[in-house]
Amino acid sequence: MKQSILLEGQKFQITIQRLCHQLIENHADFSDSVIIGIQPRGIYLGRRIVEELKEIEGVSAIAYGELDITFFRDDFRRKDSGPLVPSSTHIDFIVEGKKVILMDDVLWTGRTIRAAMDALQAFGRPAKIELLVLVDRRFSRQLPIEPDYIGIQVDSIDSQRVTVRWKEVDTHDRITLLTEEES
Amino acid sequence: MQSMTTSRQLSTRHLLGIKDLNEDDIQLIFETADNFKDVLNRPIKKVPSLRDITIANVFFENSTRTRLSFELAEKRLSADTINFAASSSSVSKGETLIDTVNNILAMKVDMIVMRHPYPGAGIFLSKHVKAQIVNAGDGAHEHPTQALLDAFSIRERYGDVAGKKVAIIGDILHSRVALSNILCLRQLGAEVMVCGPTTLIPKYISSLGVKVEYNLVNALNWCDVANMLRIQLERQDIAYFPSLREYAMLYGLNKQLLDSLDKEITIMHPGPINRGVEITSDVADSHHSIILDQVENGVAVRMAVLYLLAGTRG
């Protein structure tokens, strides 16, 4: 497996901060906006962004939730290895009439985001849904879904994998592109 | 996230009895049921997971709770459902079980939830038809989803099932709930005692690793949880005890008895309750009782079972 590092350390942090400033541009004090991280890996991005936003002046209380989309996936039973194990959902507010910013670490086919929009309906009708992703694997979408905020864009082929590591759980911040070695 | 999704699977294609499940299977069902319980507490209680699955509820024996609970679980998962009750069907015209079920399957049904008065009916059927079978009670043999929801309710009350002392009290001989509960609780590491009149305790029950007690007060003093079973008069071909009144006096749980214990115990009952026989109203409706929690958990546990079984389809 060949690994190439796309982003880490200081640059990773600057990217997160840029995303925060872009959010503030559109959402000001977040009084009508809520942030929702998508389980299982989007929650680390969501938590980090919320933490950074609080650091930045003028933004104190932000409604933040975590959404599991397992039961809403359209590839249930199409994977070889049986049903997907769900994670927990924590959304203790109503999204009715709010501007929702969905967050996930990697945007690839767009199917996760479609499922997330479906799952979100159980919590009300949002005024608007936006999408923030740390990594956009562009040109690989299977559905007409595009992000509003992008950390970095990556050109990759289907056999490659993109992983995001977080210092909170994986000891360091790093985005890596993995390529299967030809045998 | 595409690299991080995990998946686990049940070790069985059918749910015929607790006997087919290992501890990992049971834990997987519980963890999945936790998530479904969360879904059931939302304003919109429905997920689309099984929208391409059709399930037939085939009941050759009366049921209220189990049938409604399965049907609701199926609907919450967006499955299509059809119901079949033997009393209003061609079974009374002489059709065999396999023929009946194959006719239902010809209408493109993927899963069968079956209750049948004969022990092993589900096992028999699973060998002769293509669909996945969920046993909703087969005679005096097993009732696996009831045992799972009972254990799930104990886990919810105490945090864990392992090490808990559970007394199953009443008509053990005719009870499928008793056998499934014993197997499930033992698998999860609980201590189990059965208690009832000698005539209603099967002879070799202790070989399942359970204690046997004939005195109700001793059993109550020993246990953390008492699961009260109904006297199954419809399955009793002979008289196993002199009178229902005598049974109620010796094995009925009342408030006075409960208050005389020097600890709090939890009361369960799989339903239907015969008030004044195995349990009095003041006990059934007291804070000791988690009877209605059991019913609530039943839907979440059955959703987990159906969801996980659907995931084992090829």
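Every residue, even glycine, has its Cβ placed from backbone N, Cα and C.
Binding site for carbamoyl phosphate per TrEMBL: B:Arg65, B:Thr66, B:His143, B:Gln146, B:Gly271, B:Pro272, plus B:Arg115 from the candidate set B:Arg42, B:Arg51, B:Arg115, B:Arg245. Among the residues the record lists as binding L-aspartate, namely B:Lys93, B:Arg176, B:Arg230, the two farthest apart have Cα atoms separated by 32 Å. Secondary structure at B:Lys93 (L-aspartate binding site), taken from DSSP and collapsed to helix, strand or coil, is helix. The binding-site residues recorded for this entry are B:Arg65, B:His143, B:Gln146, B:Gly271, and the Cα of B:His143 lies nearest to that of B:Arg176 (L-aspartate binding site). The Cβ neighbour count for B:Arg115 (carbamoyl phosphate binding site), using a 10 Å radius over every protein chain in view, is 26. Of all the Cβ atoms in the protein chains shown, 19 others lie within 10 Å of the Cβ of B:Arg230 (L-aspartate binding site). Comment: carbamoyl phosphate site residues B:Arg65, B:Thr66, B:Arg115, B:His143, B:Gln146, B:Gly271, B:Pro272; largest CA to CA distance 16 Å, whole number. Looking at the domain 'Aspartate/ornithine carbamoyltransferase carbamoyl-P binding' (B:13-156) alone, the prediction's average pLDDT is 92.
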